Amino acid sequence: MAWDPDIALESFFGSLREEIVNAEMLTMQEDGDDIATLSSKSSELRGKICVLSLDGGGMHGIIPARLLAHLEELLKQKSGDQDARIADYFDVVTGTSVGGLIATMLFTGDENSRPLFRAEEAWRLMAERGREVFKKVSRSSVWSKLRWKSSKTSWFSAKSLEQVFKEYLMRKDGSALTLRDTIKPVLIPCYDLATAAPFLFSRADALESQTWDFNLWEICRATTATPPFFPPACVTSVDGNTSCTAIDGRVVMHNPTAAAITHVLHNKREFPFVRGVEDLLVLSLGTGQIDQTYMYDTVRGWGTMQWVKSLAKIVLDGVADTVDHTISMAFGEHRKHYLRIQMAGLPNKTETDVNDVNQLLKLSEDLLDQKSMEFLPFGGRMPLSVSNRDRLDWFAEQLVKERKSRTPAATESAFQNFIEKLKSSCPEVSTGKE
């Protein structure tokens, strides 16, 4: 694996903080704290790994992108840093389909290793270039209409999509940016038709070998290859040794939060001090759900076409909700450190309706003022007393707090506090006596 100075520096201060934590825990244990209290204090002292997850959803990706723009403004206000970016405050990002595109835009570095895009720029780009991306293939004649209806042609041309990706994900010298150019761990899924299995583009793998490094514009093309809107994508690693025939990652990971959590928990090279979900701070953003309901008397007479039309949406939303419910239960008493923001009751329109940008922007604002929802242990949701805006504000505070705790000054301060505490409890330390 290539040496990464940022990871090395963070690992050093993480090691120092871990040693301080272990020593603090021994002191608290001697003071008689019970196991539950020790566990809670240990997690608090170790800090959190901050995870960002973004669902797929076509033009509805404007909703989470706008939420991230709001979060970025909160981070600027709370940190006092007017150049604060989303990538500064999260340790790992995952995104499916349009979520993968947003993740790539916000976590790819420029020549100064700063993110290429602000969150505000990301949603504006989606709004402005949406009509170009979702440019339908010509079907003006009767024959072409019949040909399109028979599903032998994708609804949209891939050329416009690829052109936009290439335009923004290239270096100044014209060469393509790759996974190795991302500034934090990135995970972007697709489904490989050639192997009939999920395929996960991972920065960790790319740093290990060029066999797993891919051009970022091709990764975005792969994870957004939504049938029947766009044709499949054939993507190949930079050294030509690995390839896949990709379709949209939503086929397997509409909500990729679980993939990111698993990556952190089992990746001791990048996250050596994580012991469980109590060491995580997770933000998961959805792209909205239609929440269409059907009564038995309606569906019992459905034919094949009616089921085909509705089943894909039911499955995608159902899988996303299942992931949300499972993670919510896994966090248990640490559930406040897992924030899922998802809008229910979207208008029943296609996710590629490019004429509703203003409506999507309004929906993102409405979503902030909705009551935050939480899953119940045995299914169903309940509204909380606070809004999504309130919880996102609290989340921003935690992100700023976590980042400040990782600075050399904060680590030195923690070390000095520990030494002072040690001196007060062991006089021989301060006097030098044995």
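The backbone N, Cα and C atoms fix where each Cβ goes, glycine too.
Note that the structure is a prediction, hence the values are computed from the model and not measured.
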Q.
If you look at how TrEMBL annotates this chain, which of 56-61, 236-241, 284-289 comes out as motif 'GXGXXG'?
A. 56-61
Q. Pick from 15-19, 95-99, 385-389: which range does TrEMBL record as motif 'GXSXG'?
A. 95-99
Q) Taking every residue in the domain 'PNPLA' (52-261), what is their average pLDDT? A) 89
Q. Residues sitting near the motif 'GXSXG' (95-99): Cβ under 8 Å, six or more positions beyond its termini, same chain?
A. 53-61, 64, 126, 188-189, 223-224, 226, 248-250, 253-256, 285, 287
Q: Taking helix as H, G and I and strand as E and B in DSSP, count the residues of the motif 'GXSXG' (95-99) in helix, strand and coil.
A: 2 helix, 1 strand, 2 coil
(Q) Restricting to the chain of Ser97 (active site, nucleophile) and a gap of 6 or more, list residues whose Cβ falls under 8 Å of its Cβ, or answer none. (A) Asp55, Gly56, Gly57, Gly58, Gly61, Thr223, Thr224, Thr226, Asp248, Gly249, Arg250
**Q.** DSSP three-state assignment (helix, strand or coil) for Asp248 (active site, proton acceptor)
**A.** coil
